[in-house]
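Notes to accompany the following structure.
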Amino acid sequence: MAAFFFGLLLFAMQSPPIPSRPAERGDRGPPPSPTASSALALNDTGATGHPNGTFKQLPHIIIIGVRKGGTRALIEMLSLHSAVAAAENEVHFFDWESHFQKGIPWYLSQMPFALPDQLTVEKTPAYFTSSKVPERIHDMNPDIKLLLILRDPTERVLSDYTQVFYNRLQKHKRYQPIESLLVKDGEINLGYKALNRSLYHLHLQNWLRYFPLESIHVVDGDKLIRDPFPEMKRVERFLNLEPQINASNFYFNKTKGFYCLRDHGRERCLHDSKGRAHPHVAPAILHKLYRFFHEPNRKFFELVGRTFNWN
């Protein structure tokens with residue numbers, strides 16, 4: 001009886017949105033069936049359909065990271081496909097205890113409304129580097145598809161610093177010069193968190209304890225920036241989506257200096273916070289960073305069975 005009233009309450013709080021685009025999907029088959037745990041969660045929440053045929057479902061796909069790797073660009077580009085329904089915000093369910101303690105019903109409530117044959121996706125970049133997240137996601141759905149977008153580790157560190165720098169600047173807070181964070185007593189500062197986030201092999205090893213490599217598709221974030229179309233075709237194939245995204249969905253914006261999106265005649269670009277210029281770093285310090293990441297990169301290449309054009 002308590003579950004029934006909880007379901008009614010959740011239903012009352014959820015307003016049915018109108019799908020953002022028509023369902024034009026050709027002959028593509030239905031999405032993967034929810035696991036037993038997913039189905040149980042749906043039943044427990046009392047989630048029901050709405051007159052327009054949409055409903056909320058646990059994600060079939062999660063973009064797990066990495067921070068400043070291009071996750072926002074990836075989910076925006078994936079949203080070009082009519083068979084994908086994407087959560088608007090980073091959910092932080094599996095890495096924030098305050099959210100995780102709310103349980104699967106709360107997580108489900110954060111998902112977008114979707115049509116029956118759409119795949120739901122959410123992205124939270126911090127998942128990749130959180131040690132407890134892989135097991136938690138596996139417990140929810142061991143067959144889920146995971147997308148991991150990575151950039152050159154050195155470039156990612158500089159982007160990480162740039163984001164924090166501008167955030168502190170906007171809040172009129174003091175900030176440290178990047179050199180003082182990167183180097184301590186003449187050596188690379190291993191205590192700098194941004195460096196740890198770029199040690200991809202360490203974090204991937206944790207994920208591979210719970211998921212086979214076949215369940216994780218690594219997107220080349222550097223290539224996605226330079227030429228998004230080929231990378232998105234690979235993502236479509238990994239997700240078994242009907243080929244739909246095409247080259248005409250992308251155009252280079254000379255003013256911004258990166259690719260923007262074109263969808264059913266509407267054009268849109270990523271937020272101005274994307275693509276900011278990195279701070280100047282002395283060549284000697286950059287050389288230290290490149291040398292530092294050489295061995296971790298080699299170990300990562302061995303794990304995934306492919307190489308990337310990282311310095």
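Heads up, residue numbers simply count up from 1 along the chain you see.
For all residues, glycine too, the Cβ spot is worked out from N, Cα and C.
Unlike curated records, TrEMBL annotations are generated automatically.
The feature signal peptide is assigned by TrEMBL to 1-20. Here TrEMBL flags 19-52 as region 'Disordered'. Summarising the annotation, TrEMBL assigns domain 'Sulfotransferase' to 59-295. Residues annotated as 3'-phosphoadenylyl sulfate binding site in TrEMBL: K68, G69, G70, T71, R72, R151, S159, Y259, K274, G275, R276, A277, H278. According to TrEMBL, the active site, for sulfotransferase activity annotation covers K68. As annotated by TrEMBL, disulfide bond applies to C260-C269.
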| Looking only at G70, R72, S159, C260, C269, which of these recorded positions has the biggest number of Cβ atoms within 10 Å around its Cβ? | G70
| remark: Least surrounded, by Cβ count within 10 Å, of the binding-site residues K68, H278 is H278
| remark: Here the Cα-Cα span from H278 (3'-phosphoadenylyl sulfate binding site) to C260 (disulfide bond), rounded to a whole number of angstrom, reaches 20
| task | Report the mean pLDDT of the predicted model across the domain 'Sulfotransferase' (59-295), rounded to a whole number. | result | 94
| field | Cα-Cα distance linking C260 (disulfide bond) and K68 (3'-phosphoadenylyl sulfate binding site), given in Å to the nearest integer | value | 18
| Using Cα coordinates, what distance in whole Å links G70 (3'-phosphoadenylyl sulfate binding site) and C269 (disulfide bond)? | 14
